[in-house]
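First the structure, in the form of structure tokens, and then the observations on it.
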Amino acid sequence: MTTGIFFVLNFWKGKRKEKDSPTPPASDEQRQYLEEDCIKERITEADLFKLVCLPPSLDYNEWLATHTISFFDHVNLMYGVVSEYCTPETCPAMTAPGNVQYFWHDDKGKKYKYPASQYIDYVMSFIQKTITDETVFPTKFGEVFPSSFETIVKKIHKCLFHVLAHIFHAHYKEAIQLGIHGHINSLFTHFMVFNMNFELLEEKDTDIMQDLVQALIKSLQDHSNKLKQEIKEQNNKNSQDDNTENKENKENRSS
Ligand SMILES: [Zn+2]
């Protein structure tokens, strides 16, 4: 663990927006991502609650590390697709739903308002640097994770949450146009279920997206229940067909 990382980790603190903010109040917010047609869009029907569980033979830190790297790669990829629409002109601040704005804090506690693109660039560079730091994310045999590993992972996930929240808040329309909203929905659901399972994010940080989290999980579960019901009905039908067939065979033999 380098002191540099501790230094940087203190920078990101999500703050409620101040009164003189130029963006509209939450009630005027367009939340297209909550519309039923959008909620239904996803690329996987997997049982994410099972998927995120730590297999008994695996190390907890290894599980956290691989997921953190993977979530980072996917968030990076998705933001990369919409990034051309995220300019200092379109997004002069790092905004999120519920009238939230994230400020950059330096080590002296001074806060800075940066355009979303710059904030995200700083955040993603920090994560990239951290996950490739062998003292934090060891890859070689015999090396161990630092005792602060979970705390660092929590900070990374908080940053990734900010980026996802901004995509939903400011770029969902473009995500639909580009045909990646199903990917973003699935990525966000997977990310949130993982975080809920291991209690990595704090409720006060994620409450702005709770409406979406609940809607996405409900939609996934409804779909899964519907599939189970269809399979059950098909099995019943098959066994009824078998019974009829057996009966007919018996009757043919006896005639
Ligand atoms: Zn933006």
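Glycine residues also receive a Cβ, built from the backbone N, Cα and C atoms like all the rest.
What TrEMBL lists as Zn(2+) binding site is Cys86, Cys91, His166, His171. A helical conformation is recorded for His171 (Zn(2+) binding site) in the three-state DSSP classification. Cβ-based neighbour count (10 Å, all protein chains) for His171 (Zn(2+) binding site) stands at 25.
If you look up TrEMBL, you'll see 244-255 marked as compositional bias 'Basic and acidic residues'.
Per TrEMBL, region 'Disordered' is recorded for 227-255. Same-chain residues lying 6 or more positions outside the region 'Disordered' (227-255) and placing a CB less than 8 Å from one of its CB atoms are 45.
Same-chain neighbours of the Zn(2+) site beyond Cys86, Cys91, His166, His171, judged by a C-beta within 8 angstroms of the site's C-beta center, are, in sequence order, Tyr79, Val82, Ser83, Tyr85, Thr90, Thr95, Ala116, Ser117, Ile120, Ile167, His169, Ala170. In sequence order, Tyr79, Ala116, Ser117, Ile120, His166, Ala170, His171 constitute the residues six or more apart from Cys86 (Zn(2+) binding site) in its chain with CB-CB distances below 8 Å. For Cys91 (Zn(2+) binding site), other Cβ atoms within 10 Å of its Cβ number 20. The Cβ of His166 (Zn(2+) binding site) has 25 neighbouring Cβ atoms from other residues within 10 Å, across all protein chains displayed.
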